[in-house]
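Noted in TrEMBL for the protein shown:
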type	residues	note
DOMAIN	A:28-138	domain 'PurM-like N-terminal'
BINDING	A:30, A:75, A:211	Mg(2+) 3 binding site
BINDING	A:30, A:45, A:75	Mg(2+) 4 binding site
BINDING	A:46, A:47, A:122	Mg(2+) 1 binding site
BINDING	A:47, A:75	Mg(2+) 2 binding site
BINDING	A:54, A:266, A:323	substrate binding site
BINDING	A:121, A:122, A:146, A:213	ATP binding site
DOMAIN	A:150-308	domain 'PurM-like C-terminal'
BINDING	A:214	Mg(2+) 5 binding site
C-alpha cells in the first residue's frame, strides 16, 4: 500500500515529496531503505496521535505537525539516539490542501531542525489519525534504557512539568489563568520540545532515562519496575519545574502545583537517573544542550515510589496516579 | 508515548508481550533497537488500515490481525527483503479483550510464519485504526526497486488477481456468486498472502517489482513512471489469473474479468519485470516459492501503458483506472 492510488499519490507528491539524502532509496518505492553506519544500532519508535485524545480539534495544523513528530523524537531522546528518518501514515477525513500545507510546514520545520528525513508513508481517508515511526541511531550498547537505574542514583528531570496539562484544563474550562500564563502553557501543550540534544549528551552519563508523556509519577514507575528499584521523589522540587508557577505563584496551592507536576502528562521531558559521581557531568550535559535539569529525588533499593514534600514528609500516593489515555 | 499509561500498559502486556529475540532490546522501552547484520540495508514500510476503507466492520478480528501485517509484509516482498520485525500502533474505540485476543492471534500467526517480531508500538483510544511499520533486511544494492524495468523485459504477475474485489462487490450487494466462489474470494480479501518467498527468490532475477494494492493497471503505472518506460499488457492473460473465473467462467463476460484483474485492487500480489533471458529463472523462483507466476506483457521503450486483448487488439484504457482510496 505504499503504492498509493492516484489522488493519494498526488497528495503525497505535493506536500511530502522532497529529495531524500540519508536513505539509499528515497520515498516512493514500496519500502524505504536505511543503512545504519557500522557499529550503530537503529532505535525505532511508533506513536499514534488521535484527535480529542492527543490534540484538540482547534489546534493549528502546523502545531499538530510539530507535535506529531516531537512526541516521537522524544522517544529517541530518551534512548540517547540521534534522529535519522521517519515514516508518516496519515488518515484524513477529507483532502484539505490548506490543512496539509500547514501540517507539513510544522512537521518539516521540526524535522529539519533535527536532520530527520521523511522516507516513506501512507495516506488514506478516515477519521484524523497521525502515526509516525521514527528512526535514530545509537552506538551499539550505549542506548539509555529504562532498566539501568541503581540504588543511590540521583533522579533528575529536564525542562518544565505540568504546563501542558494546565493549558488543557483551561481549554476544558476547569481552570482560569491570565492570558500570558495561558499563552506560555499552550505553547508547551501544542509545541513540546523533544530533548534530543540532552539525550545525546547524557549517553555515558545517565544510568537510565524515559520520556514523560503520561505524567512523571506514572512514567517513573516504568523505570523503577524495569530497573528493579524504588525511589523517593521530592514533589516540591518537581513542582518548582512548573513554569506557570513562576509566573503566577498564587494560582494553585502547594498540593495543586505538585499534582500538576507529577500527574499532568504531555510533558515530553526526560526523567533520568545518574550516579552521584556524575552530578557535575549531568549539569554539564544540561548546560551543553541548553536544557534545564533539576534533581528531584533519589533511587533506592526498596521497591516502590515514595513521594515526599520539600521537608521530606510523606505525601499520599493516590493523588499522583498517571492520567490514563483510556481513562 | 511508548511509555504507556497504566490501562494501556496492562493491555499491551496481556496480548502483545512476548520475549523478543531479534532486537537487542525487546519491547517495553522508549525505543526498540534493531541491528541489521553487516552489509545489510534495512527495508522499512508503514501502512495504515482504516475501517470501511481497508476492511469491513464485520471482519473476524483474527483475519484483520493477519491482513494488517500481510499488507506490510507485501511491501517487503516487493523489495525482496526478509522480514525481521514490526511495530504496531493501534487506536481502539473500546477495550475489548475478546477482540484483542482474536486480533493478536491472527497477527502473531502470520508474524511467526515469517519470523517477524513485534518490537514496539503504541495503543490509544480512538476510531479503529491499525498502523504497522515493518522492517526487513536486504543485502546492500540488491533490493528490488520500481525503477529497474527495461525495454524488452517480460512483465509478470504472481498468484491471483481480482478475487478480493469480487468478494467486496458481493459484500456491497453489487455481485452475486455461488457460495463456494464467495468463500474462496472472501479468503483472498480477508487473508491475503504476502509473497515474501517469491520476492526473496526474485533477487538477482527480476529487474523491478511492486506490490499490488490499488489494482494492477494503476500500480504498474508507478513502475513505468519510475523506470521511464512503457508496457503492453495482455488483459486476457491477466484475467486468467482471477481464481473465480476457473470456478465460474460464466459469471462475467470477458470485459468483466479483465476489469476485475486490472482494476480490482487489494490483491497483494507482486507485479515484476525480468529480462527474457531470465524467463526460466523466473519460473524456477516461482516454483521454489510455491507461487504461480504468469507472464502478462512486455516492457517497451515507448512511454505509456497499452492494454490489449489476447489477440493483441488494443482495449480502451479508461476502464482500468485504479480504484482510489480517496475515491
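Cβ coordinates are placed from backbone N, Cα and C, and glycine is handled just like the others.
Unlike curated entries, TrEMBL annotations are predicted automatically.
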Fewest-neighbour residue among binding-site residues, criterion Cβ within 10 Å, set A:30, A:47, A:211, A:266: A:266
Residue A:54 (substrate binding site) in three-state DSSP notation: coil
Other CB atoms within 10 A, centred on residue A:54 (substrate binding site): 22
DSSP three-state assignment for residue A:47 (Mg(2+) 1 binding site): strand
Mean of the pLDDT scores, which run from 0 to 100, over the domain 'PurM-like N-terminal' (A:28-138): 92
Under 8 Å by Cβ from residue A:45 (Mg(2+) 4 binding site), same chain, sequence gap 6 or more: A:72, A:75, A:76, A:133, A:134
Rounded distance in angstrom between the Cα atoms of residue A:46 (Mg(2+) 1 binding site) and residue A:30 (Mg(2+) 3 binding site): 19
Cβ packing number for residue A:214 (Mg(2+) 5 binding site), 10 Å threshold: 27
The domain 'PurM-like N-terminal' (A:28-138), counted residue by residue under DSSP: helix, strand, coil: 36 helix, 46 strand, 29 coil
